[in-house]
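Novice: Dumping what TrEMBL says about this protein:
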- Glu999: active site, proton acceptor (ACT_SITE)
- Cys29, Cys32, Cys64, Cys66: [2Fe-2S] cluster binding site (BINDING)
- Leu121, Val122, Val123, Gly124, Asn125, Thr126, Glu127, Val128, Phe201, Asp224, Leu268, Lys286: FAD binding site (BINDING)
- Gln604, Phe635, Arg749: Mo-molybdopterin binding site (BINDING)
- Glu639, Arg717, Phe751, Thr847: substrate binding site (BINDING)
- 93-278: domain 'FAD-binding PCMH-type' (DOMAIN)
Amino acid sequence: MAPNKTGDELVFFVNGKKERIAKSHGSQCGFCTPGIVMSMYTLLRNKPEPKMEDIEDAFQGNLCRCTGYRPILEGYRTFAKTQSNKQQKQLCFKGERVTWIQPTTLKELVALKSQYPNAKLVVGNTEVGIEMRLKNMLYPVIIAPAWISEMNAVQHTETGVTFGAACTLSLVEEVLRKAVAELPPYKTEVFQAVLEQLRWFAGPQIRNVAALGGNIMTASPISDLNPVLMASESKLTLVSNEGKRTITMDEKFFTGYRKTTVKPEEILLSVEIPYSKKGEYFSAFKQASRREDDIAIVTCGMRVLFQDGTKRIEKIKLSYGGMAPTTVLALKTCQELSGRDWNEKLLQDACRLLAGEMDLSPSAPGGMVDFRRTLTLSFFFKFYLTVLQKLSKNHNGTEVPRGQAVEDMVGRPLMHISAAKQACGEAVYCDDIPHYENELYLTLVTSTKAHAKILSVDVSEAQTVPGFVCFVSAKDVPGSNITGIANDETVFAEDVVTCVGHIIGAVVADTQEHSRRAAKAVKIKYEELKPIVTIQEAIEKQSFFKSIKRINKGDVKKGFEESDHILEGEMYIGGQEHFYLETHCTVAVPKGEDGEMELFVSTQNLMKTQEFAANALGVPSNRVVVRVKRMGGGFGGKETRSTILSTVVVVTAFKTGRPVRCMLDRDEDMLISGGRHPFLGRYKVGFMKNGKVKSLEVSYYSNGGNSVDLSYGVMDRALLHLDNSYNIPNVRSMGIVCKTNLPSNTAFRGFGGPQGMMIAECWMSDLARKCGLPPEEVRKLNLYNEGDLTHFNQKLEGFTLRRCWDECMSSSNYHARKKLIEEFNKQNRWKKRGMCIIPTKFGISFTVPFLNQAGALVHVYTDGSVLLTHGGTEMGQGLHTKMIQNACQTILKRLEPIKQSNPKGSWEDWNIRTDIVMDVGTSLNPAIDIGQVEGAFVQGLGLFTIEELRYSPEGNLYTRGPGMYKIPAFGDIPTEFYVSLLRDCPNSKAVYSSKAVGEPPLFLSASVFYAIKDAIYSARKDSGLTEPFRLDSPATPERIRNACVDIFTEMVTASGFTVCSLPHMECVCWS
């Protein structure tokens, strides 16, 4: 740790970080920026001259939903080059329900654990904190052993490295990395495996505080490190009043789910990670939904020791996490393999044995049963090849060469107007508004059932919580309880709830903590009704919203008759959580006369916020003032759904006569606010032998949730984009919105367009395969041309799509790279690459015509300052910045005659490698526009490959919060990310010849999905499968692995334990 800095030095140090992120356009909505600045600050305090790899690692725990990460890394690239001895005293804090004790000596700690055997030992609070906060668990006594010197010691012994149990994972990483650099490679096989697991273990913020001992004692069945420690037979030293004992971390250590052999009064003192021996090899593997900062689906540690100078196994340990309630050893398999030679026969037998031993019930917690069982075999196969490579010292495989970063900027890239304030934490968001005197805090009480009658609501226990003020429900609404875009929702549920998360009431208290405790104490009794959760269930039960959308063109029947081929299929596209960094937030302040109310809301839609609040209060709209300075992201999620919170808060403020505040936690926000509509598309397409499309019949079904909201508009736009960029002579289409018992889905960047286009690219990809032609040739053959009519009869004018296509093909070196990929795939059986180019034609406008208008008012004061008022909200897209640029141009033009007549006058006198080619018209601000393209692309990358919402059959959302729902992180962006704006393509119908840039780029990330599908085609071809196949979105690791049909997937799907024998496998060393 660097020496402490003075206040002035600290300000200067942090200012350098904020300036670089601001000037590199790395701040859009700005809500995440202070956290990123402080991560960089922490890194530079600890390592003043970091490498670029250190900078990338430092951000593993940070998330950004706007930028696409590239400008942040570019800004901080400029920093890269090519403990106190004070005597501590025991501390003890007693809260209302928890006592927290921090001893200073091992003797004190042992005595405390003897006195409180059930007390939790906490170092970083990374597990217990979550359990208490999110799982409602209570631990009356918590002991913090972070100051115990013996538990922080590191010792190098003859047999390994011993770490105190309180050593942080960052320290473990640092010590082992140094050992790997200094010791012979044969001694550090286990260390390298630990480092590989730590590389993807949470983020540095967690690793800096999480302890090695805590990771073990938590006894998580999906722990990243426990399989490594078990397979390596690490030694654990335990201490209690009875003395010390040392045990081996083996198959007997974990006795059940979250249980170990450690006695209640014992403390884990230290962990010895052993050196490996000559002839010993060790590997660790982990599969998660996202590469970095994500929990494992399956994890493992694998170790083999050969008899001296041979390939005969002396000892083997295969340990898995995610395959049982505990970390387990494959004991039977290991026993069978001992004494065998390391050859292909052993590989076949090992896979057969593991398929039988690593079994899972179809109802196993976590699901994905076939995928997890396949992973156990795939991991062993990777281990086999890794060891084979080390034994043979041979390596095959080629890498696609990397290029150099190129940015094609046009115009003047003015920095985001609020970037500097956002970077240093000075930008004010809704919850940053100072608390009012006498302010109350609100917590929602929501339904735990997807469909049920409310029998009773009991608040008696809640009333006993300190600070409780009142419970608010439907009977407290002074105006109308009916709300929503289609007037089909209620402020508070009255008799029936129609989704999990349906707002029934709210508890108001003096503090946030008290209101949360009181809300949890509210008891609700239900009479459950049968819920409808999925699109398939809605179709079966004909549960639809009334309006059915249709767009037809030409003679579909004749088109099919004239076609050489007809292809039918369907595709499912999952929903997506908005995951704006700032959750829904409202502060309501009663003004004390005539029912006036002032609201500070994080919303994209001030009009509906005002209208719904006035309607609930029973007052005219002019009595309600709504203010929003900026949002920490919105993406459509705050267009209408912010009102479900703001209306509740305003009713509560009216009832209490006091200011009321509520900011949702992430899990609450995800539970109640809905997201992108899941879609099911069924298609029938007719086409010629050369791939030319003749006729299309398509039906779209969307999951609207429990209310209409904006679902009709989303379906309209999906149907308007069913062609994507392709000229289809004959079209028959239908769109149906399903009514289900999920929270109402709503607007999301793209507004139905990405779903409509995704299904178009699905059938386009499959028909190209059916014709045996390169997909890019078939796509280009079907592209629209200038002057063509769309299926909804819009004439395409100023249509630059073919220019974008040709420029992208050229700048990306598409054909040369494709040849390299084909050659790579020929040489590699078990590792495949793919490539795809996707066009996008995106229509910008509201489908309700009168909404397509806006206005702005500019006041120029006599001192030269300017007040600019307009009807848009700032959520990171740079709207204020662009408006200022436009206003400046207009003002300067009007000032010109005055300046010429009086050039010396005062203000008082004047009175004033992903490659993307994108057509944004004449860019108003290329830096902001490129940031929008990158941010949209990465958000789409999440939609199509990572982000998956999972619900129970009863309608409960499993993927609630960042622990279970993963958005792309810094490590998920393309290594080479090239964005260029098409030149010389002005738009005569818009402000300063510009074009929309926020929504259109999102669908371009479908190229990643279809590149993955291209790679899967190559893998399936090696297994003798060449027909088109179904791959739903998102293309998660589970879907990808299961689609790559091979011997391993066949083994785990075989009935019972009778598994197929393995044919000869191409055992090329792992590449």
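From the backbone N, Cα and C atoms, a Cβ is placed for every residue, glycine too.
Just so you know, TrEMBL annotations never went through curation; they're auto-generated.
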Novice: Greatest CA-CA distance (Å) over the residues Gln604, Phe635, Arg749 that the record ties to Mo-molybdopterin?
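Specialist: Maximum Cα-Cα distance: 13 Å.
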Novice: Could you measure between Asn125 (FAD binding site) and Glu639 (substrate binding site) for me? Cα positions, answer in whole angstrom.
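Specialist: A Cα-Cα distance of 36 Å.
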Novice: Just to confirm: which same-chain residues, 6+ apart in sequence, have a Cβ under 8 Å from the Cβ of Phe635 (Mo-molybdopterin binding site)?
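Specialist: Looking at Cβ-Cβ distances below 8 Å from Phe635 (Mo-molybdopterin binding site), excluding near sequence neighbours, one finds Arg65, His578, Tyr580, Phe748, Arg749, Met875, Gln939.
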Novice: Starting from the Cβ centroid of Cys29, Cys32, Cys64, Cys66, which together make up the recorded [2Fe-2S] cluster site, report each further residue of the same chain whose Cβ lies within 8 Å of that point, ordered by sequence.
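Specialist: In sequence order, the nearby non-listed residues are Ser27, Gln28, Gly30, Phe31, Thr33, Arg65, Thr67, Leu581, Gly632, Gly633, Gly876, Gly935.
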Novice: Which whole-number value in Å describes the distance between the Cα atoms of Gln604 (Mo-molybdopterin binding site) and Phe751 (substrate binding site)?
Specialist: 15
Novice: Taking only the residues the record lists as binding FAD, namely Leu121, Val122, Val123, Gly124, Asn125, Thr126, Glu127, Val128, Phe201, Asp224, Leu268, Lys286, what is the largest Cα to Cα distance between any two of them, in Å to the nearest whole number?
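Specialist: Greatest Cα separation within the listed binding residues comes to 27 Å.
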Novice: Suppose the Mo-molybdopterin site is Gln604, Phe635, Arg749. Which further residues of the same chain have a Cβ inside 8 angstroms of that site's Cβ centroid?
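Specialist: Residues close to the Mo-molybdopterin site, other than Gln604, Phe635, Arg749: His578, Tyr580, Gly633, Gly634, Gly636, Gly637, Lys638, Glu639, Ala747, Phe748, Met875, Gly998.
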Novice: Please identify which of Glu127, Glu639 has the densest Cβ environment, defined as other Cβ atoms within 10 Å, among these binding-site residues.
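Specialist: Going through Glu127, Glu639 one by one, the largest Cβ count within 10 Å is at Glu639.
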Novice: Would you mind reading off the Cα separation of Cys66 ([2Fe-2S] cluster binding site) from Leu121 (FAD binding site), to the nearest angstrom?
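Specialist: Per the Cα atoms, Cys66 ([2Fe-2S] cluster binding site) and Leu121 (FAD binding site) stand 38 Å apart.
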Novice: Far apart in sequence but close in space: which same-chain residues, 6 or more away, have a Cβ under 8 Å from Leu268 (FAD binding site)?
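Specialist: Looking at Cβ-Cβ distances below 8 Å from Leu268 (FAD binding site), excluding near sequence neighbours, one finds Ala165, Gly213, Ile216, Met217, Leu236, Thr237, Leu238, Val262.
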Novice: C-alpha of Glu639 (substrate binding site) to C-alpha of Glu999 (active site, proton acceptor): distance in Å?
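Specialist: So the Cα of Glu999 (active site, proton acceptor) lies 15 Å away from that of Glu639 (substrate binding site).
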Novice: If you skip the near sequence neighbours and keep only those at least six away, which residues in the chain come within under 8 angstroms of Phe751 (substrate binding site), Cβ to Cβ?
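Specialist: Within the chain, Phe751 (substrate binding site) has Cβ neighbours under 8 Å at Gly636, Leu710, Gly713, Val714, Arg717, Glu999.
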Novice: Just how spread out is the substrate site if you go by the largest Cα to Cα distance in Å among Glu639, Arg717, Phe751, Thr847?
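Specialist: Greatest Cα separation within the listed binding residues comes to 17 Å.
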Novice: Based on Cα distances to Cys29 ([2Fe-2S] cluster binding site), point out the closest of the binding-site residues Val123, Glu127, Thr847.
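Specialist: Checking each of Val123, Glu127, Thr847 against Cys29 ([2Fe-2S] cluster binding site), the shortest Cα distance is to Thr847.
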Novice: Within 8 Å of the Cβ centroid of the substrate site residues Glu639, Arg717, Phe751, Thr847, which other residues of the same chain have their Cβ?
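Specialist: Along the chain, the qualifying residues are Leu710, Gly713, Val714, Asp716, Ala747, Gly752, Phe846.
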Novice: Can you tell me how far the Cα of Thr847 (substrate binding site) sits from the Cα of Cys64 ([2Fe-2S] cluster binding site), in Å?
Specialist: 30
Novice: Can you count the other CB atoms that lie within 10 A of the CB of Cys64 ([2Fe-2S] cluster binding site)?
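Specialist: Summing over all protein chains shown, Cys64 ([2Fe-2S] cluster binding site) has 28 other Cβ atoms within 10 Å.
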Novice: Name, in the order they occur in the sequence, the residues of the same chain whose CB lies under 8 A from the CB of Cys32 ([2Fe-2S] cluster binding site) and which sit 6 or more residues away.
Specialist: Asn62, Leu63, Cys64, Arg65, Cys66, Leu581, Gly632
Novice: Ten-angstrom check, please: count other Cβ atoms within 10 Å of the Cβ of Cys66 ([2Fe-2S] cluster binding site), all chains counted.
Specialist: 30
